[in-house]
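Novice: This is the structure I have questions about; it appears just below.
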Amino acid sequence: MKEELFKEKSRYITGFVLIIVADLILYADNLLLFWAVLGGIYAVGFSEALRLFQVKASFSLYLILVLSWVAAYFNGRPIECALISAMVMASVIAYQKAHHSEAILPFLYPGVGFFALFGVYKDFGAVAIIWLLVVVVASDVGAFFGGKLLGKTPFTPTSPNKTLEGALIGVVLASVLGSFVGMGKLSGGFFMALFFSFLIALVAVFGDLYESYLKRKVGIKDSGKILPGHGGVLDRLDSMLFGALGLHALLYFLEIWKETAVFLGD
């Protein structure tokens, strides 16, 4: 009983600290600061992914990680750096016998998600990150309490504790709350923000499911222990990483559509 109470207390304290830190970083609204902090988080998440994919850590893995993250700061399209890092790792695997083919996987997950998250901030600003946070948190909270109150139907065999009813409630709540945050110039209006929030929430659900699948596959409860009461970095950011990729893609194509419409109008 004492152990459970301590865990819950640690969970709330850690959650409060994370909210404060996130608020300060977004309030500062500084590209270099965001890049540096997110890079450190990426390094921790990458280490956790090595464990999930059962890949042995090596100098070449972390060298590629560091160089690709530095390149992302100067590159106009950070996600390209994630894909290049995966290609470089594939080349290393092909050249050396020291690495198994699984060594490429951490560059895809969580790699692509972290680069997408940085891309969202770099291309669309702090308001886009806040929008993403609201959608993901609302989806998680809605799914948790909705599942507790109304959940009956298991959502998937890979995560039997999650229910279909909870997931649907989470997506609906995230869509509604997210639409009010994203309804400004970023999306072009309420209905577009509602549609985007719905898609992001939907994608975020599968980020959570994928992380659960990986943990069950290797027989562990948490991806790490760095966050007391919460587990690892990937335990907290799994939905966020999938959602970031979805949001960046949606906003990117929306910009292209707007530019095309202006061009055709001229």
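Using N, Cα and C of the backbone, Cβ positions are placed for all residues, glycine too.
Below are the features listed in Swiss-Prot for this protein:
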{"type": "TRANSMEM", "residues": "16-36", "note": "transmembrane segment"}
{"type": "TRANSMEM", "residues": "52-72", "note": "transmembrane segment"}
{"type": "TRANSMEM", "residues": "78-98", "note": "transmembrane segment"}
{"type": "TRANSMEM", "residues": "101-121", "note": "transmembrane segment"}
{"type": "TRANSMEM", "residues": "125-145", "note": "transmembrane segment"}
{"type": "TRANSMEM", "residues": "164-184", "note": "transmembrane segment"}
{"type": "TRANSMEM", "residues": "186-206", "note": "transmembrane segment"}
{"type": "TRANSMEM", "residues": "237-257", "note": "transmembrane segment"}
Novice: So which of 52-72, 164-184, 186-206, 237-257 is most in touch with the transmembrane segment (101-121), counting Cβ pairs under 8 Å?
Specialist: 237-257
Novice: Report, as numbers and ranges, which residues of the same chain sit near the transmembrane segment (125-145): CB under 8 Å and 6 or more residues beyond its ends.
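Specialist: Here the qualifying positions are 22, 26, 29, 117, 162, 166-167, 169-175, 177-178, 181-182, 184, 186, 197, 200-201, 204-205, 208, 239-240, 243-244, 247, 251.
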